[in-house]
Structures are given as C-alpha cells and as structure tokens.
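S.K.: The structure's right below; bear with me while I get my questions together.
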Amino acid sequence: MKDLKDLVRPNVWNLKPYSSARDEFHGDASVFLDANENPWNMPYNRYPDPLQWKLKDRLAVLKGVDRSSIFLGNGSDEAIDLVIRAFCEPGLDSVVTISPSYGMYEVAANVNNVECRKVSLDENFDLDAEAVLESADEWTKVIFLCSPNNPSGNSLDRGSIYKILKNYEGIVVIDEAYIDFSAYPSFLKELSGFPNLIVLQTLSKAWGAAGIRLGMAFASPEIIGVLNKIKYPYNVNQLTQEKALELLNDEATMKHQVNEILTERNRLEKILSEPPFSYQVYPSDANFLLVNVAKADAMYNGLVKKGIVVRNRSNVQKCRGCLRITIGTPKENDSLLNAMKNMKL
C-alpha cells in the first residue's frame, strides 16, 4: 500500500474538521448549555453522540475489532460516498468496479466527478483479478468489490480478492452487505494484514433494519480517522443509535431469521430450477436469487398486476431475462410461486 498521505486528497489531509459541542466536552455533567439546544426534555432535545461510542462498543464485541476501526454512517451509501470524496480528486482520479454489481459505486463516483471504470465479470459472475488490476493505473485510488455480489448473489473468489489486495497499492473496498447469508467468512479478520482494506457491512439485510439507515465501515484507525474528518457532525441520529443498539443486543433473533431465510432460499432455488419452471437459478450466498425466466419483462409486469413486486434486472449487463427475487416469508414465497406457475406469457 502507498503511504496513506499519498492516497488521501491533499485538501482533505490538511483539513481541520468541524468540531461540535459534543466533540469538545469529555466527562460527566448535568447541565448542558453549550450546543444551543432546547432545554426541555422532549425527549430528543439533545444532539446525539457524534461518534456513536456505545454503538461502536457493542459492534466491537460482535465483530471482533477495536472500536477505533469502526465508522458508522447513514447507510453504507454514506461510507461509499465518503471514501470517494476522501481519496479521489474530482476530474483527475478514478475508481474501479465490477459489472454487474451494486449501482451506487458508479453513482457516487459520477456525483463526485470521478471516473468509474467497470470490469466485466464472466458468464458465471466470477471475478478476473488480472483484469481488475490491469484496469487500475496511477490515477486509480479505489477498487470496489461486492461479495456476495448484487445482483448475481454469488461470493467472489477469495483467491482473486487476495490477489487484488496483495498487488494493488490503493484502497480496496469489500462490500459485505449480504455476508450474514454466506457460507464464507467475512474479510474483517484480514484488516490487520491489509492496511488498504475497507470492509462495509449494514443492518439493512440480516438485521432487518433497513428503515433506520445504519451502515458500517471497518478499516485501520488511520482510514477511519479520515472518514470521521469529512463526515457531517451528527450523521447518525439518536433514534437510529438507540434502535440499532437494541437490535444488536438480540443477536439470537437475527440468527433465527437468517436460518429461516436460508431454508426458504434453498426451497425456492430447488423448485424454480425443476419442472414445471425449469429456470436457470444462479447460486446465491445472499438473501435473494437471480433467476433467468427468459421473458423477464412480461413476468415482471404480470407479477405486479397480482400485487407481487420483484426486481427486473433484464436491462443489466449479463442479466438479460433475469429477475432478482428477494426471499420472503414462506407465505410470500408460496404466493410468488403460485403466481409464476399460473402466469400465461
């Protein structure tokens, strides 16, 4: 890895971050007259903890990392945007992504006027490490890898990921939004060995908390320090912090629901790949299946008319004819299967 100072934008490296009232005070107090808040207990009259320490303490235990290696944001999308803003000079630097994959990497790059170079996965949605490395040049600051990948659902080859980590001198972001559904381990344990690694996770999938918008970035304390420098002061609100802590203290419920989803995923994969459907169902390590139904537009519109919404991915590279189907409850999945079975295309 290059020296971090050589990767971070010079203006960001030299930036004196905004210091909030809650940043400047450390200790216990009963009277707070420092932040121009309403003094009456509403009960959310006070600004939230800008660095979310209680939440990070719980995550540190769950994830086996030091709290100084945790960044929390308003969904993982905030972390994606901050990584690009921290490392990429607009109009000069570039990022590399794989295709097809999660679309926000490209959107965030475009918003920040940063070139986004896309490297195609093969027909089985496997990663070509050499092609990714060849796509990067001296102006490439970040490589984004989503594993398990969205919309394909498969985990990327770990050997290929290691090859990129070992041979690329910039930042490598591994988006693990779906890792709780995967049979493969997280890359969190690799943080100490790869100072250029950032791992993204979320509460939106396995933890069932998409509505509270909490994303996590794990990296070296030095990288986390850079992200904290440019984030908005109170980027995670008090309600989100409280609900997230409540959820994280009930890991048993999450694991039970994940097991139910995996059972249903296997059931749907088997049914949809056999007669009378006989669709091509791609292997999945996520909470969804990518299914080639051939007449995707007609199937999608037919399901919508029956009140069932899936994601039509037919216009995405290498996904022609494909629907992405989120695994629902057994009742929801049965409704889907019955609707598809009786569909006249």
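Here the Cβ of each residue, glycine as well, is placed from N, Cα and C on the backbone.
Remember, predicted model here, so these are calculated numbers, not experimental data.
Swiss-Prot feature annotations, pasted as is:
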type: MOD_RES; residues: K205; note: N6-(pyridoxal phosphate)lysine
S.K.: Are there residues of the same chain, six or more positions away from K205 (N6-(pyridoxal phosphate)lysine), whose CB falls under 8 angstroms from its CB, and which are they?
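M.R.: A177, Y178, D180, F181, N287 - these are the non-local Cβ neighbours of K205 (N6-(pyridoxal phosphate)lysine), listed in sequence order.
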S.K.: Per DSSP, to which secondary structure element type does the residue listed as 'N6-(pyridoxal phosphate)lysine' belong, with helix, strand and coil as the options?
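M.R.: It is coil.
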